[in-house]
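Colleague: Residues annotated as compositional bias 'Acidic residues' in TrEMBL: 1-48, 154-177. The feature region 'Disordered' is assigned by TrEMBL to 1-62, 149-177, 264-284. What TrEMBL lists as compositional bias 'Polar residues' is 49-58. Feature annotation from TrEMBL assigns domain 'Histone-binding protein RBBP4-like N-terminal' to 75-145. Per TrEMBL, repeat 'WD' is recorded for 313-355, 359-401, 414-449.
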Amino acid sequence: MGEFEDAWEDEFEDEDSINLNDDDEDEDEEDDDDNIPGDGKVEDEDIDGNNNSRSPSPKTYLPHQITGIKTLGEDEELVADPTAYRMLHNLSLAWPALSFDVLRDDLGEERRKMPHSACIVAGTQAEARGDVDQDEIMIMKWEGLSKMARDPDYVDEDDDDEDDDDDDDDDGVDEDPILTYKTIPHKSSVNRVKAQALPLPLSSPPPRPPDHYFIASFSGAGKVHIFDIAPHLFALQSPQLANDQTTLSKRPYHTINQHGRAEGFALSWGPPPPSSTNQSSPSSLRLLSGDVCSKIYLTVSDQSGFTTQSKPFTSHTSSVEDIQWSPTEQTVFASCSADQSLKIWDVRVKDRRSVLGVQKAHPTDVNVLSWNLKTSYLIVSGGDEGGIKVWDLRNLQTSVNQNPYGEEEPVAMFNWHKAPITSIEWHPTEDSCFISSSADDQVTIWDLSVEIDEEEERLRSKKMRSDGDDDLLIDQKIPPQLMFVHHGQSEIKEVHWHPQIPGTIISTALDGLNVYVILFSLCLSIKKKKKHSIDNHSLLSSNT
């Protein structure tokens, strides 16, 4: 890790670089001590005056689950286990980005060789300074996302042979990534930002000017803005070609005013029709937007531009929290609400009422949902109580005239999180896996296909008990479907898979964005801090 360097040295007016470690040099000077080495180990002098270096023994940290380690002690800190990550980087922005989305790039799919590159769009929430609005849309390109530095003696048993052939970089690379970006001014904070869904395959490049690549933002002032970012992305991916040819617009392509002053957090672009080519068809785009006053509006495009239908969808009785089009049916979408319900809609229904649903999907607000891209009858939802539920839509096949809101039960339910679920998303290719984030500062990865072999589990627990293994209690508290827990961010708001880079996860929080590829289910440990140790920053800060 390290600072993000500007590869093009302000070649563009809106480009800039971000230094992740502005304070590292000062910290090193302040904490310098003859008895503290740079690797964070503590050295003791023996009777002959020789230094004996030793590392504090780490232990597994599972928040709010195990009695006695619910909170960190004053002399403890969280540190990342380098053997749990194949890649791990932290990006701090000038202002928090409460929402982001992954952009299609022109580097192809199934990319496994490092260093990686990724393109992201994010919306900020800046502090107001008088009448000056500092919020903006950021179109970013990250380059040089390198492999996690590890001990030279470490052997990665989980690396596939095919990955070894591709990974010519050393285990200790962990070099400085490079960030370049473009900005678009945005009136009011960005509650949600969503990129237009592009036709498959993922190896197809994104549209280039004069074709359009649209993103939508829902502002805190109740406006939904649609921007064409094709010129901005082209300028980042091909700076030499775009320098003299590309005009970067600072104004919305279209603005939806139907929500009035009601802000919102629910946005969803419809998947392109199966017959679509890679170029954006001006007559095939569909955008749903849901606000805090329970209304959902549909915006469609034609050759002349975007048009928002005047009649909203109105079955919800409270704030619409999330919304998503069906991955297989062009007229169907799902939504969830603070009224505790999950609803299924068909835009062909003239009265704009939902056709199916679960009236009490969660005991509190239903914050987020995700529709499985591969198994289209599965939807996962996350509630304000911290619960996660998986729903089989085949159990909801009841006519709207026959009480569609029965006592449906989820096919799976997890209560690991102890704070509101803030984001959830199915894996783009593995239909049994999904990722979630929570206000308890965790990102968790789940696999529904994992089942317990009761006999094997009994024998393993018996052995751990006979060996006096302290991890037995911890092991018994972990759901078998929970594959990974990521920490190190504060107030996590949104998390996404990168569909073109297998296994890559990006999450945004109050203190910045993380991008990482995981290896093992263990990612956290507690390490004792010693006085004057320079290894005293947060979990994901670099210490180079």
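These residue numbers are counts, starting from 1, taken along the chain as shown.
Placed from the backbone N, Cα and C atoms, the Cβ positions cover glycine too.
No curator has checked TrEMBL annotations; they are predicted automatically.
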Colleague: Looking only at the domain 'Histone-binding protein RBBP4-like N-terminal' (75-145), how are its residues distributed among DSSP helix, strand and coil?
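Modeller: Reading the DSSP string over the domain 'Histone-binding protein RBBP4-like N-terminal' (75-145) gives 3 helix, 40 strand, 28 coil.
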Colleague: Would you mind listing the long-range same-chain contacts of the repeat 'WD' (359-401), meaning Cβ under 8 Å and 6+ residues beyond its ends?
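Modeller: Residues packing against the repeat 'WD' (359-401) from afar: 318-319, 321-329, 334-338, 340-342, 344, 353, 408-426, 428-431, 434, 436, 438, 440, 446, 448.
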Colleague: Provide the three-state DSSP residue tally for the repeat 'WD' (414-449): helix first, then strand, then coil.
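Modeller: So the counts come to 0 helix, 19 strand, 17 coil.
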Colleague: In the repeat 'WD' (359-401), how many residues does DSSP put in helix, strand and coil?
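Modeller: Across the repeat 'WD' (359-401), the residues distribute as 4 helix, 17 strand, 22 coil.
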Colleague: Sort the residues of the repeat 'WD' (313-355) into helix, strand and coil with DSSP and give the three counts.
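Modeller: Looking at the repeat 'WD' (313-355) with DSSP, the answer is 0 helix, 18 strand, 25 coil.
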